[in-house]
Amino acid sequence: MTWLARVPPVVLHEITAALLVTAVFLAIFGLAELLRGFDLCSKEMSRKFVHLTAGVVATTFAHVFASHWTLLLMCLGFVLLVKIGQSLGLLASIHGVERQSSGAVLHPIALYLTYVLCSAMDRPAYYVIATLVLSVSDALAALIGKAYGFKIYEVEEEEGKKSVEGSLIFLLSTFIIVHLGLLLLTDTGRLECVLSAVVIAILVTIFEAISLGGADNFFIPFGTLFILMKLANEPASMLAFRVGLILYMLGSTYVIARLSGKFGTSGIIGIGLVGYGVWILVRWDWYIPVLIATLLMAFSDHFIEHRANEPDQFRVRPIFYMFIVSLVWLLVGTFFPHLQRPLTVPFLLTITANLSVRWAWRIRMLTAADPAQPRHWLRRPGFVGRALWLTIALLSFHLALGDFGLEPVFSTATMLVGTMLGDRLYWAIGGRHLGEWSRVAFLRMGMAVNLFVSALAFLANWYYYQPR
């Protein structure tokens, strides 16, 4: 008996499948390098060729591999191959992109994690749909947008220019993939397939539109999978409501942006997505603080920083760092509904602390422009005054509504102290690095401060509302 006969059939199948898939991938890489080397296509075209063909091959993984360990080893090998290729200046068809991007590394990692989640849920159809959206829709959007994209919008001022035409192709392709995938691979009803496809197509197109640095390779499959899970077994009426809510959020934010001129295209998309997420994750009344913050940023000059390296409009990056901690607390409340009352003030605090810091930047700019002008207590309040104004603006609705079960004095005191602490901690750290740190570094530091302060507020509220 040979050593091969002693290998268990399952292991032998995994090894054979891994070798065959690896051979197919190497053939795809080799063909792309030949096409690029003979100037038959550009670097971007060869990269999208690899993205599309390798992604289509990856859709078979749910039915080819029995163990995620096999796929993990293959993904690690691919990441290592990309890193070696980058260091040696090889495999430009994979990572040869002019802008800074981590897409070539994020792509296999996202595929592996999507495979693991779908295997755990026993939903191979979801894996196929998510992988096809990443592979086909993303590649088509890039190719069509580059060839026929004339209406350009900026995700951020310094990077991330995309085309409306490319985004529309992504939307259409994603709708077709999700609709046919649900219709052919699941027992979802026809009307539910159409409505689910519309919801997913709009939301995932938004994820793709505002992603930077190759992050769409991560957000597209996970966004598709997460929404598929959320929409499973929902009635047609609820799906139709979701479609209407998305359109309302984007439309109302667009109107506010047009009236104020304070939001760029990606900022409109970002605020609309945050509003939809807050409403869907919890309830409509949790959206009110987001709406108040949007109106304050839109129609008040107090929250536009106008630093030398700050764009003159809100775009997606400051919106992301402003609301990411808020959404984290909402996700906690979604999974643990009994914590929604002690999470209310921390959620509001993440918004007031951010607005207080932005207000302080504005005051610093005005003071630097005209040092002789006296500091008016209303237009240029200190950190105590800013905390007081913002606490009143955002907490009043929740206290008046009464559905949250908040104790007024404790909630007001917690928000005041938390907002002041966040403001002082931000400047205690950031004040030492003025002129040194980049805009993104300040945004990240602000996010970390926000998380810390709101976590303290959550612990205080959790303890306070414990049954005695």
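In case you wondered, yes, glycine gets a Cβ from its N, Cα and C as well.
TrEMBL annotations:
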TRANSMEM  15-35  transmembrane segment
TRANSMEM  56-81  transmembrane segment
TRANSMEM  125-148  transmembrane segment
TRANSMEM  168-186  transmembrane segment
TRANSMEM  193-215  transmembrane segment
TRANSMEM  235-256  transmembrane segment
TRANSMEM  263-280  transmembrane segment
TRANSMEM  286-304  transmembrane segment
TRANSMEM  316-337  transmembrane segment
TRANSMEM  343-361  transmembrane segment
TRANSMEM  382-402  transmembrane segment
TRANSMEM  441-465  transmembrane segment
Same-chain residues at least 6 beyond the ends of the transmembrane segment (382-402) with a Cβ under 8 Å from one of its Cβ atoms are 285, 288-289, 292-293, 296, 344-345, 348, 351-352, 355-356, 359-360, 408, 411-412, 415-416, 419-420, 423-424
Sequence-distant residues near the transmembrane segment (286-304) by C-beta distance (under 8 Å, 6 or more away from its ends) are 253, 256-257, 259-260, 262-263, 271, 274-275, 278-279, 312, 314, 323, 326, 330, 347-348, 351, 355, 358-359, 362, 393-394, 397-398
Counting Cβ pairs closer than 8 Å to the transmembrane segment (441-465), the top stretch among 56-81, 235-256, 263-280, 316-337 is 316-337
Per the Cβ under 8 Å criterion, with at least 6 residues separating them from its ends, the transmembrane segment (263-280) contacts 153-156, 160, 203, 206, 209-210, 242, 245-246, 249-250, 252-254, 256-257, 286-287, 290-291, 294, 298, 311, 313-316, 318-320, 323, 326-327, 330
